C-alpha cells in the first residue's frame, strides 16, 4: 500500500516533520531521538492487541506473547535501576504521577512539591493540574540568592504544612538533588516520599546521578527524555507496595496498556543496559556543561544556579530586551529549537517567561561534542544580540545547516 497516495495530507505533514528534525538543532531538554529498533517495536503488530491486566493475569485471551514482551520490559527496568517493583504500563509521566498519588494518598490530602517557577512540574501540585485540583497543594522553591534547593527551608515548610506526601524532582532544575535529605524530612513529618526522576532517569541509569530508588517510597519517570525510549511512563517502588500501585494504574487510572509502546520500552531498556549507553550519558553531561559555561560567561545572560550537574540549564534572559517566548520564536527562525521557561522569582506570565530551557540529550544522540555545543551556544547568543539583523540571522541559519549536515539523524 502506498501510504503517501492514500493519505497525502497526513504523510506530507509527517515528511515535513522529519525534515524539520533533520535540519533543526533540537535543544528541548525533554526530547531525544530514538533508535530504529524502538520505532519498529512501537510500529509493530502489538498495537492490535488488548491486554487489560498484568502478565499472567489478563482479562483477555491470546496474551501469552504480550506477557513475554511486558515481562521483558519489567525485568530490564528492574536490572537498570535495581528496583524490587516496576510497572511499565503508565501511558505517560503524568499518568504515572496520578497513579502514584492514588496509591498512597486520598483526594483532599496534601502534596508538597516544587514550585513551577523554581523548576517543578505541573503534576507536582500546580493549581491548573489534577494534582492541585483533587489534592491540597503547597510548594517549596529555591534560595533566591543561590537559586538552589534550600533543604532547611523545605523542612520548615513541611513541618508547618504537614503534607501526606512530599514530591522531589523537577522539570527544569540543573543541580543534583539530595534524596536522603528529602527522606529525612518526609520521615520527620510522617509523609510518603515520591520522586519524579523523569528528566534524569537516563543519568541515574548510567550511575551519573544519585538514584532515588530504594530511598523514596515510590519513583516515577518518563521513558523518553534522557532514557531515550518511546514516549511513556513507568513506576518503580518496593515489592510491599506492588498491590496498591498495580491497582492504582489498572483499573483505577487506566484501561488497556499500550503494549506496542511497552515493547518499545523494552527495546530502550535493553539499550540502556549496554556499555555504550553510559558513554552517551557522559557526553550528555560534558555537552551541557560546555554550553552552560558559554552562557554564564556572557555579559548579558545568566544560567540559573550558575551552571549544571545534569543535561539541562535554564538561561535567564532578564539582562536582554527579550522574553522567553520572543527568544524561542527568534531561535525557531534560525532552526534552533528551545522552549520558554520560568525563572525563580518569575515576574512574567507562563506564556512569556523570563528564560529559556536548553538540554543536550538530542544533539548528543546526533553526535555533537563539546566544541560543537559551544558553537551552538555562541550562535544562540549571537541571535539574541542581533534579533533585528536579518543578515546576521541568515548567517546563523547557514551555520546551523552545516552542523546538522555534519551530524545527520541516522
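A Cβ is built for glycine as well, from the same backbone N, Cα and C atoms used for every other residue.
Under the heading (6S)-5,6,7,8-tetrahydrofolate binding site, Swiss-Prot lists 116, 120, 121, 122, 349, 350, 351, citing sequence analysis as support. Annotation source Swiss-Prot lists N6-(pyridoxal phosphate)lysine at 225. Taken from Swiss-Prot, the feature site 'Plays an important role in substrate specificity' applies to 224.
Shown on the structure are the features that Swiss-Prot records.
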residue: 116; record: (6S)-5,6,7,8-tetrahydrofolate binding site; DSSP class: helix
residue: 121; record: (6S)-5,6,7,8-tetrahydrofolate binding site; DSSP class: coil
residue: 224; record: site 'Plays an important role in substrate specificity'; DSSP class: coil
residue: 349; record: (6S)-5,6,7,8-tetrahydrofolate binding site; DSSP class: coil
Maximum Cα-Cα separation (Å), residues 116, 120, 121, 122, 349, 350, 351 listed as binding (6S)-5,6,7,8-tetrahydrofolate: 16
Euclidean distance between Cα atoms of residue 116 ((6S)-5,6,7,8-tetrahydrofolate binding site) and the residue listed as 'N6-(pyridoxal phosphate)lysine', Å: 19
Alpha-carbon spacing, residue 122 ((6S)-5,6,7,8-tetrahydrofolate binding site) to residue 224 (site 'Plays an important role in substrate specificity'), which is rounded to whole Å: 18
Residue 350 ((6S)-5,6,7,8-tetrahydrofolate binding site) to residue 224 (site 'Plays an important role in substrate specificity') - Cα separation in whole Å: 24
Nearest-integer angstrom distance between the alpha carbons (Cα) of residue 116 ((6S)-5,6,7,8-tetrahydrofolate binding site) and residue 224 (site 'Plays an important role in substrate specificity'): 21
Least buried by Cβ count (within 10 Å) of the recorded positions 121, 224, 225: 121
Cβ atoms near residue 350 ((6S)-5,6,7,8-tetrahydrofolate binding site) (within 10 Å, other residues, all chains): 15
Cβ neighbours of residue 116 ((6S)-5,6,7,8-tetrahydrofolate binding site) where a neighbour is any other Cβ within 10 Å: 24
Cα separation, residue 224 (site 'Plays an important role in substrate specificity') to residue 351 ((6S)-5,6,7,8-tetrahydrofolate binding site) (Å, whole number): 25
Listed in sequence order, residues with CB under 8 A of residue 349 ((6S)-5,6,7,8-tetrahydrofolate binding site) and six or more positions away: none
